[in-house]
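Q: Quick paste of what Swiss-Prot says about this protein:
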- Ile17, Gly18, Gly19, Gly20, Gly21, Met22, Ala23, Asn24, Val25, Lys40: ATP binding site (BINDING)
- 11-271: domain 'Protein kinase' (DOMAIN)
- 356-424: domain 'PASTA 1' (DOMAIN)
- 425-492: domain 'PASTA 2' (DOMAIN)
- Thr162: phosphothreonine (MOD_RES)
- Thr163: phosphothreonine (MOD_RES)
- Thr165: phosphothreonine (MOD_RES)
- Thr167: phosphothreonine (MOD_RES)
- Ser214: phosphoserine (MOD_RES)
- Thr290: phosphothreonine (MOD_RES)
- Thr313: phosphothreonine (MOD_RES)
- Thr320: phosphothreonine (MOD_RES)
- 1-330: topological domain 'Cytoplasmic' (TOPO_DOM)
- 331-351: transmembrane segment (TRANSMEM)
Amino acid sequence: MLIGKRISGRYQILRVIGGGGMANVYLAEDIILDREVAIKILRFDYANDNEFIRRFRREAQSASSLDHPNIVSIYDLGEEDDIYYIVMEYVEGMTLKEYITANGPLHPKEALNIMEQIVSAIAHAHQNQIVHRDIKPHNILIDHMGNIKVTDFGIATALSSTTITHTNSVLGSVHYLSPEQARGGLATKKSDIYALGIVLFELLTGRIPFDGESAVSIALKHLQAETPSAKRWNPSVPQSVENIILKATAKDPFHRYETAEDMEADIKTAFDADRLNEKRFTIQEDEEMTKAIPIIKDEELAKAAGEKEAEVTTAQENKTKKNGKRKKWPWVLLTICLVFITAGILAVTVFPSLFMPKDVKIPDVSGMEYEKAAGLLEKEGLQVDSEVLEISDEKIEEGLMVKTDPKADTTVKEGATVTLYKSTGKAKTEIGDVTGQTVDQAKKALKDQGFNHVTVNEVNDEKNAGTVIDQNPSAGTELVPSEDQVKLTVSIGPEDITLRDLKTYSKEAASGYLEDNGLKLVEKEAYSDDVPEGQVVKQKPAAGTAVKPGNEVEVTFSLGPEKKPAKTVKEKVKIPYEPENEGDELQVQIAVDDADHSISDTYEEFKIKEPTERTIELKIEPGQKGYYQVMVNNKVVSYKTIEYPKDE
């Protein structure tokens, strides 16, 4: 039991999240980097099987050499106590197979969005000379945001490798297997392209194109049967999209896309207006194709040689007898004429069936597939017209035969030509474009076309409330009005935005938040002793208020504390006179440190012969201090620090 086990002292296994024939996948915690990872562990049954170990390691080596947003990242590879493991990126979501089961068939636009990511990943692998060889929805992950990750390169092979496995022991899944793999050929880049076409078919229809009771029967269908039309199960599929499937799944690799990049380019342009109604993709048969030459047996050669000898001998004999026969020829000619006349009379009167074709009743082939219907007609001795005509029918499924011309049970002569009519299904109507209309207008327009199964999905959008912003199927799609459903996506207007509390936001952060939510900033400024300069002081409407995109929000930003003026302080200073000898002059220096003076400079200098009083003026800034000192004969006699005066 691996749950709870710590591998390599680093990966704590939490629970099982998946598994396959070769390995199980667990959710684990990387305790060093504090993140969730997926860890694939080779089954214990194969821990001693060198081939499986080699294939397991190849998966890590193949994927780790690739760097693409749609390929699962490989973090680590190792072995501990016969536990072989690969540590990889954890994708929180589900497999594409599970997604199709839950949501299929998908809308063509969603299907192509998914396929574009998958094909981009495979194109990157091909550029690095790696063929995946097991492309299927089970090996593709999709997260909750619709992002795709291709995984499971367990049987991927480098094209330059000398260990490419031939498919006589077929690896991969038979439902997605290319014809060349099914017949035992090499898996190439074009084999991956074939599998991509099958995946696109499954996305659009919710089903696989070929199924059967055994792997062999399915493989035979890949070899022999044409890929069915996706439109049969999803009429909303444009021809440009179906053509991608048909080209990718061509039986001969020569007729497929040359590269995955070519397929990706077609996917990106499939909904361009000039492509939506393009002609169906078909493969032109080469008129100069080599025809089979029947084998001539030895006996036939001998017979032909004998006949030639007989001709030569007869010619020689005839030459000898020629003169004798000339006399008998009128009697011979008369005898031959009598024989032919007698035979003609007998043929017309006694044996008419020898010259007249027999009567045949045309069988009823309605509801049959073309091959079965044509076979039945030919069995009755009838010729089948090469051109099959199409006709709508309310009861017979699309693609099956409806009727013949002449009609069933009509008696005709053997060898007569019969024309087949194939059902296109129930009569279809091309749905109009109702986007941009109000929901009531759209419903009326659709009802006028006969569409009664209309559902509405309401979403927030910038368009006015009640406006149709999307329709599914898209305009121009042919549908059966009495059966097919039309889904309208209708705007209920922009979603309300609940304002955040913008306090402590800088001007840049506040304006960015409002812009991201489509709100207009009305900027104001005010002094604040509490809020640092440049930050939000207040907002209007208040935090928690619901507003619509486009509304104005008034935001007041702090200018910081309001600046006070510098103040002048007057100080009276008494200077003592204390000479060593009476009558000596004393040198006085006054220094001031304030807004206008530096303590290193002399504010005032003079001489005294008696005690003196002076008034000093100091200019002090708010929050600052003033200072003065008095020196007599270079000796400090007084000094003082003065605070900024408080307001009265």
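Each Cβ is built from the backbone N, Cα and C atoms, and glycine gets one as well.
On this model, are these features tucked inside or out on the surface, and what's nearby?
A: Taking the Cβ of Ile17 (ATP binding site) as centre and 10 Å as the limit, one finds 15 other Cβ atoms among all the protein chains shown. According to its DSSP assignment, Ile17 (ATP binding site) is in a strand.
Per-residue pLDDT, averaged along the domain 'PASTA 2' (425-492), amounts to 90 for this model.
DSSP classifies Ser214 (phosphoserine) as coil under the three-state reduction. On its own chain, Ser214 (phosphoserine) has no residue at least 6 apart in sequence with a Cβ closer than 8 Å to its own Cβ.
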Q: Between Ala23, Val25, which of the binding-site residues has its C-beta surrounded by the fewest other C-beta atoms within 10 Å?
A: Val25
Q: Could you give the number of helix, strand and coil residues in the domain 'PASTA 2' (425-492) as assigned by DSSP?
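A: Across the domain 'PASTA 2' (425-492), the residues distribute as 10 helix, 23 strand, 35 coil.
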